[in-house]
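Student: Once you've had a glance at the structure underneath, I'll fire off some questions.
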């Protein structure tokens, strides 16, 4: 410890970034997202969903937050919403294309 180092008396432990830790993180993420799907919750970052998440997916959320780095958690939650919107847009475009083909 250096003369001027200061950690505020609190150390935040980050899981090591090893292959096995990443695998554990992904498995925890998948279990949490599966629980969200069952509870019909899309956006885990929306404060409106926090009560539902606590009542339906508390254990899965705790494991996810325990096994993944904070930056990964935020990324995965945001990516879930973006991927859903992307899939919906693709479906809509495909349906519109089919409709145009039928009308010709």
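Cβ coordinates are placed from backbone N, Cα and C, and glycine is handled just like the others.
Values in this document were obtained by computation on a predicted structure and should not be read as measured data.
Positions annotated as region 'Disordered' by Swiss-Prot: 1-22. Residues or ranges marked as domain 'CHCH' by Swiss-Prot: 22-76. Sequence annotations record features per position, and here Swiss-Prot assigns disulfide bond to 25-68, 35-57. According to Swiss-Prot, the motif 'Cx9C motif' annotation covers 25-35, on the basis of sequence analysis. Taken from Swiss-Prot, the feature motif 'Cx10C motif' covers 57-68, and the record attributes it to sequence analysis.
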Student: Mind tallying the domain 'CHCH' (22-76) by DSSP state, helix then strand then coil?
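Tutor: Across the domain 'CHCH' (22-76), the residues distribute as 44 helix, 0 strand, 11 coil.
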Student: Return the count of C-beta atoms lying within 10 angstroms of the C-beta of residue 68 (disulfide bond), excluding that atom itself.
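Tutor: Counting Cβ neighbours of residue 68 (disulfide bond) within 10 Å gives 23.
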Student: So of 35, 57, which of the disulfide-bonded residues has the fewest other Cβ atoms within 10 Å around its own Cβ?
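Tutor: If we count Cβ atoms within 10 Å for the disulfide-bonded residues 35, 57, the smallest count is at 35.
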Student: In angstrom units, rounded to an integer, how far apart are the Cα atoms of residue 68 (disulfide bond) and residue 57 (disulfide bond)?
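Tutor: Residue 57 (disulfide bond) has its Cα 16 Å from the Cα of residue 68 (disulfide bond).
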Student: Calculate the distance in Å between the alpha carbons (Cα) of residue 35 (disulfide bond) and residue 25 (disulfide bond), and round it to a whole number.
Tutor: 15
Student: State the count of C-beta atoms found within 10 angstroms of the C-beta of residue 25 (disulfide bond), not counting that atom itself.
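Tutor: The answer is 21 other Cβ atoms.
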Student: Can you work out the mean pLDDT of the predicted model over the domain 'CHCH' (22-76)?
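Tutor: Per the prediction, mean pLDDT sits at 97 for the domain 'CHCH' (22-76).
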